[in-house]
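Taken verbatim from TrEMBL:
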type	residues	note
BINDING	H107, H111, D293	Fe cation binding site
BINDING	L129, V130, S131, G132, G133, D162, G175, N265	substrate binding site
DOMAIN	24-299	domain 'Gcp-like'
Amino acid sequence: MILSIESSCDDSAIAITEIATKKLLFHKKISQELEHSVYGGVVPELAARLHAEALPKILEECRPYFGSLKAVAVTSSPGLTVTLVEGVTMAKAISIALNIPIIGVNHLVGHIYSLFIEKESEFPLTVLLVSGGHTQVMEVKSLEDIKTVAKSMDDSFGESFDKVAKMMNLGYPGGPLIQELAKGGDRKKYNFTVPLHQSPLIAFSYSGLKNSVRLAVEKAEESDYRDIAASFERVAAAHIIQKLKKYFKEVPPKKFAIVGGASANLYLRSQIEELLKPHKADLLLSELKYCSDNAAMIGRVGVEMYEKGLFSSLDELEVCPKSVI
Ligand code: ATP
Ligand code: FE
């Protein structure tokens, strides 16, 4: 079995995965959404302190599995340095105490493998990652062959939902709150410009849209927020659809997946389903409970890396806030 730890942002999670069957034997996550909600975003120092409280509590529940562990896998990048350190330090202590190897996992690879929890992986795959820190398209041929073909130049898709929610004093995380508010709104009411719509670049940008929404919010009454949310959601998704359309002209999709916390967005999902229809491409999605951060996806990558002997040494394994993918 592999014990896996996730602490890259505001979720403390630990999982136990059986290596041979990829079965998830244990998974527990303690989210800090409530604690950060009053600040309208994640406060790193507070997040680190809450991980230091939550992770040992969850680990205690894993005691019955200690004798069967063959390795410990932990998210080591990307994420918030001070929160990554919490998980990595715990993983190093487990590695020393139980005399088992340690595996450093890239959180973004984790999001990709959230598609394959308790399942065999299927590649090649074109993957759209939409999360709190990333908006990127990747061509994935295998665990070790992942090529990023488009990414955000500034804010991410999920982050723009968080910031718009903050402008409207809705709380955090903004994605589900904006999605809910948008349901009753008029998507056409506000004519926000689709980012980079005249640019030939296949890349993403959300800071301009965020600022246009800010101006609209400042001028609006609270009763207009529904229409602003609905119009924002339409344009935020249209940006991704326009760029994917351009990309698909060069590289038609065969199998396409949406992963990351914001892949829970139903409007984006429906737009992508429409886009894929003429290509007759399969759409893969993670189970809703594995879209946002969790340790099951880190354990799933851990199993792949264990089988390939991709271990880290205790001295070399360091946290890295930026992703290399
Ligand atoms: P990263 O994975 O890039 O390091 P992260 O781990 O913080 O970032 P995730 O937990 O994968 O991000 O996703 C959280 C993000 O997803 C938040 O920005 C949240 O607002 C967004 N999100 C969640 N549900 C929805 C939704 N229904 N619509 C839009 N965004 C959503
Ligand atoms: Fe994430």
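A Cβ is built for glycine as well, from the same backbone N, Cα and C atoms used for every other residue.
Distribution of TrEMBL features across the structure.
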residue : record                 : Cβ within 10 Å
H107    : Fe cation binding site : 25
H111    : Fe cation binding site : 29
L129    : substrate binding site : 26
V130    : substrate binding site : 29
S131    : substrate binding site : 24
G132    : substrate binding site : 24
G133    : substrate binding site : 23
D162    : substrate binding site : 24
G175    : substrate binding site : 25
N265    : substrate binding site : 26
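In terms of Cα distance, the binding-site residues that sit within 10 Å of L129 (substrate binding site) are H111, chosen from H107, H111, D293.
Here D162 (substrate binding site) is positioned 19 angstrom away from H111 (Fe cation binding site), judged by their C-alpha atoms. Residue environment of D293 (Fe cation binding site) contains 27 other Cβ atoms, counted within 10 Å of its Cβ in all protein chains. Listed in chain order, the residues near the Fe cation site other than H107, H111, D293 are E6, S8, T75, L108, G110, S114, S131, G260, G261, N294, M297, I298, each with its Cβ within 8 Å of the site Cβ centroid. In the vicinity of ligand 2, defined as a Cβ distance under 6 Å, the following of the binding-site residues L129, S131, D293 are placed: S131, D293. For ligand 1, the nearby binding-site residues are S131, D293; that is, of V130, S131, D293, these have a C-beta under 6 Å from one of its atoms.
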